[in-house]
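Asks: Got a structure for you, questions after.
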Amino acid sequence: MNSTLDGNQSSHPFCLLAFGFLETVDFCLLEVLIIVFLTVLIISGNIIVIFVFHCAPLLNHHTTSYFIQTMAYADLLVGVSCLVPSLSLLHYPLPVEESLICQVFGFVVSVLKSVSMTSLACISIDRYIAITKPLTYNTLVTPWRLRLCIFLIWLYSTLVFLPSFFHWGKPGYHGDVFQWCAESWHTDPYFTLFIVMMLYAPAALIVCFTYFNIFRICQQHTKEISERQARFSSQSGEAGEMQACPDKRYAMVLFRITSVFYILWLPYIIYFLLESSTGHSNRSASFLTTWLAISNSFCNCVIYSLSNSVFQRGLKRLSGAMCTSCASQTITKDPYTVRSKGPLTGCHV
């Protein structure tokens, strides 16, 4: 009996997507393509974001840059950790037991995504304070307090998912590409409720409350500006409108990032709740919703690069510096080439 099972497992590798296995190859082709593609996008995109933040000092003038960089580092670690299931699906020999690897991988990705979710909630609180208390903002939000807040974000995210190692249940489906996680590690309704009450629900409520009030206040400011414009000259009204717009525009950028995050994570959260409450599981649904949620680690890079003009200038400077570096190496190799009188570095914006 056991030999028959072993023979079936060796001839047919474990695939969450039933249509992902081809007889011509000895691994789940579609799963490998999806995971490797997302891994490359996540790692490359977040490395670019981190480099741009280091090369563009103006981006660091906003206190939210602390949290955005925290999200970028967390997303980068998500991409790096995704190399583990990629190697497993390609039948690369792993040094540790599959049960331990899948538990550690599921825990790590859950913590990293929790860091992103909590950082988005902190960003919304930061913008709320900046708009509701502009005069005392600099005394309330200091670099020291921001660093302490980031430390608490990592600590809190770790503590929320730490009980998964003490047989409380499965924290998510990130490790289900491993057969042991998919078949022997099950969700628990009480642990799922614990995660929802400690993480998902508070983060969503904070984001909804803060952005609702931010846009309400911005709407009031716009209305006041319109009244001033009608009362005084058009020039003073236009000047006031230009002063009120930056906060709203920056809030819109952050709101887009938050909205896309929850849109991509909503199918995963719904499936997580349904599977925990009913006990019925679907491997294809768990795989697709999980990796749709993980794809958010790349979407943050795209949204920020398309929405923030300072980030775009920093990206252009970074690419210009790289091109200049390549040109300087060419000049070194070819002494007959006329040297440019411009600077060879262009990281500062």
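Glycine too: its Cβ is placed from the backbone N, Cα and C atoms.
Here TrEMBL flags 45-304 as domain 'G-protein coupled receptors family 1 profile'. What TrEMBL records for 32-59, 71-92, 104-125, 146-169, 189-214, 253-274, 286-307 is transmembrane segment.
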Asks: For the transmembrane segment (104-125), name the stretch out of 146-169, 189-214, 286-307 with the most CB-CB pairs under 8 Å.
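Replies: Ranking 146-169, 189-214, 286-307 by Cβ pairs under 8 Å to the transmembrane segment (104-125) puts 146-169 first.
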Asks: Of the listed stretches (146-169, 189-214, 286-307), which one yields the highest count of Cβ-Cβ distances below 8 Å with the transmembrane segment (32-59)?
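Replies: Between the stretches 146-169, 189-214, 286-307, 286-307 has the largest tally.
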